[in-house]
Amino acid sequence: MTPIALDALLDALVRKALAGERPAREELLEVLRTPDEDVLDVVTAASKVRRRFFGRRVKLNYLVNMKSGLCPEDCGYCSQRLGSTSQILKYSWISAAEATENATRAVEAGARRVCLVASGRGPSDRDIDRIGATVAAIKEAAPRVEICVCLGLLKPGQAERLGEIGADAYNHNLNTSEQTYGDICTTHTFDDRVQTVEQAKQGGLSPCSGAIFGMGESDDDIVDVAFALRELDPDSVPVNFLIPFEGTPMAGRWDLTPLRCLRILAMFRFLFPDSEVRVAGGREIHLRGLQPLALHLANAIFLGDYLTSEGQPGERDLAMIADAGFVVEGAEDTEDAGDTERGDEGAGPAARHDLVALRRRGPGSSLPANT
Ligand code: SF4
């Protein structure tokens, strides 16, 4: 694509996003095909959309894995799947008190939403009662927090029940395109997942649904699942990048590059201009040094750890947000949140003596140089 054609494409995508118009399939495919040297132009364009709807805010979500491992389903990307030999933590339901202790610590660190997740095909009515006790305990400790639950496939009436017990949102991802869904899972279908998101919506829960990339999908698959998600009109859209766990069929799959992740996130921002786009699992391992650029596209991240793998330390997430000139959602009105007397520098840490390490290796020392 010539520079002029790229400029015209990006201008059209920004205009459509700001006007709430749906982009064309071919336009989104062009975003995914952008040459490496032009990716910053794509990020700049999509960041205008992000800024228009979300300013400098970054929403922090926090995951609590209520029940880990030993799932009867066979989702190929998942370390908790049937037959997984990943050496993950495995446990049955944690108590409401343990979940609340973890959740309140995250809320104190800035999390606005807590996501209560349990492995399994779907919840029993007893599981819903159990989640209800946890939701009540967390809301008593942190009344303003939003609670999203992720319990698998829903049966009729369960979404309404979850609403009654105080859940605000329901997460169920589509993960990949309908056409390739059978390649990643055989125990349930793409349509099962769509139905659950529909049920969550009909039950009055805020729908959260996204996808996972890096599983061998084509650009067409990415656009297909993105359009399928748009049909569902989710309020939040987690964009995951495959964590290729040893002991799963996807072990050893490292298809993504940091620039590819940015293209995917930009494409999602153009398609979901005013929805929460969250850069979710795999952020650290695939974006690596380009994580801060993702904040110009996504307006939410998970704070701290994921379900079965560790994220970077939560304090590093917070420092990254501040260093990149963003503010944690909910902290905008505090003095350190920017637009204060210290102006745009207000978000930065006052002093980081811990970052200065005196050299003790290389020339003048007996230790090898840092190369
Ligand atoms: S249903 Fe959920 S926990 Fe079970 S294998 Fe699939 S993704 Fe993993």
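Yeah, the Cβs are placed from backbone N, Cα and C, and that goes for glycine too.
All TrEMBL annotations are machine predictions without curation.
What you see is a predicted model, and the numbers here were worked out from it, not measured in a lab.
Sequence-distant contacts (6 or more apart, same chain, Cβ under 8 Å) of Cys71 ([4Fe-4S] cluster binding site) comprise Cys78, Gln80, Arg81, Leu82, Ser119, Gly120, Arg121. Marked as [4Fe-4S] cluster binding site by TrEMBL: Cys71, Cys75, Cys78.
A simple way to gauge crowding: the CB of Cys148 ([2Fe-2S] cluster binding site) has 22 other CB atoms within 10 angstroms, across all the protein chains here. The annotation [2Fe-2S] cluster binding site is assigned in TrEMBL to Cys115, Cys148, Cys208, Arg278.
Sequence annotations record features per position, and here TrEMBL assigns domain 'Radical SAM core' to 53-283.
According to TrEMBL, the region 'Disordered' annotation covers 331-371.
Working note on the binding-site residues Cys75, Cys115, Cys208: by count of other C-beta atoms within 10 Å of each C-beta, Cys208 ranks first.
Listed in chain order, the extra residues whose Cβ falls within 8 Å of the Cβ center of the [4Fe-4S] cluster site residues Cys71, Cys75, Cys78 are Glu73, Asp74, Tyr77, Ser79, Gln80, Arg81, Leu82, Ser84, Ser119, Cys185. Closeness to ligand 1 is met by Cys71, Cys78, these being the binding-site residues among Cys71, Cys78, Arg278 whose Cβ falls under 6 Å from the molecule. Distance from the CA of Cys75 ([4Fe-4S] cluster binding site) to the CA of Cys115 ([2Fe-2S] cluster binding site) is 20 Å.
The Cβ of Arg278 ([2Fe-2S] cluster binding site) lies under 8 Å from the Cβ of Lys59, Asn61, Gly210, Ser236, Val237, Pro238, Val239, Ala298, Asn299, Ala300, Ile301, Phe302, each of which sits 6+ residues away along the same chain.
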